[in-house]
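Peer 1: Following this message is one structure expressed as structure tokens.
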């Protein structure tokens, strides 16, 4: 089996905390130097590389003299602020040895949820790649809360892959890849060499927590691969402990688990909607509406809405949830939550009599709706 990385030109490489730190005692300068050398080798082959790197909080902990990762959000943010300085400095120093410029980009999920900021981030990253710069990306943990508490850089890597239409996402971890069961508990567990991204059985196989320094277990990596497939990006999950793992993957050697994007690439606008990690509200729709959306490719009409939850404005992305509580779609709503509460369960012909006006006959037009 040949590695999919060999034929991939634009790569997003995610490196976990345990691969750039000395077991929590600050940054491992030698390890970062090796990553810089490998990325320089890939660049020499004509590949474009965006690096998503963890390590800021771990570095901040070391600089502040903390031996355990704090639980309080304000302390995590303080550690991130202190550590981000060191992380950027070390990467810049190591890449300069290969005559490569770097750029620091700190993102939040809110940056990618806003359409204008999303497009600006995309334009900036593509310009940096065109200029031969290696963008080094991390979540802006200093100003966010939910991302520190629940987020992970695996997801961020997938979002970046979608943002720049990357060919592949490489998630480097301290594990060898995805196994059929937890190899620490089951001696019969075997490595999954290749599978389809988004295959339901993968989530059942994945489990277990990540290291104490990082936040992402194997499940987050599987879900990141599923998300990256939205833009047609394949994913490789491999051990960063393997010598020259990036160079060997680029040479075609099969290492770890590769997850292939089999689904059709989403249109850019629909991809942006699908990549919303948080939505302001959702509508519960009946079984008939679920069928029309999923099988018929129809628009969502107010009559198909059972309930309205959350507060949202016209033009925002909302989720569509079936009677069983499962999200089936999301899209840009033509009406606010207050308006939707007045017109739900009503035929489109009655919208004007209820509201005094009719903006659109659909709550969400099919052109602004994406299945999830």
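Just so you know, glycine gets a Cβ as well, placed from its N, Cα and C.
For reference, Swiss-Prot lists these features for the protein:
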- 14, 173, 174: ATP binding site (BINDING)
- 54, 141, 153: substrate binding site (BINDING)
- 280-358: domain 'PUA' (DOMAIN)
Peer 1: Fewest other Cβ atoms within 10 Å: which of the binding-site residues 141, 174 wins that one? Let me know.
Peer 2: 174
Peer 1: Among the binding-site residues 14, 173, 174, which ones place their C-alpha within 10 angstroms of the C-alpha of residue 54 (substrate binding site)?
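Peer 2: Close binding-site residues: 14.
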Peer 1: Between residue 14 (ATP binding site) and residue 141 (substrate binding site), how far is it from one CA atom to the other, in Å?
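Peer 2: If we compare the Cα positions of residue 14 (ATP binding site) and residue 141 (substrate binding site), the gap is 16 Å.
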Peer 1: Across all the protein chains here, work out how many other Cβ atoms are within 10 Å of the Cβ of residue 153 (substrate binding site).
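Peer 2: Excluding its own Cβ, the number within 10 Å is 26.
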Peer 1: Summarise the model confidence on the domain 'PUA' (280-358) as a single mean pLDDT, whole number.
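Peer 2: Mean model confidence (pLDDT) across the domain 'PUA' (280-358) is 96.
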Peer 1: What is the interatomic distance between the Cα atoms of residue 141 (substrate binding site) and residue 173 (ATP binding site), given in whole Å?
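Peer 2: Between the Cα atoms of residue 141 (substrate binding site) and residue 173 (ATP binding site), the distance comes to 20 Å.
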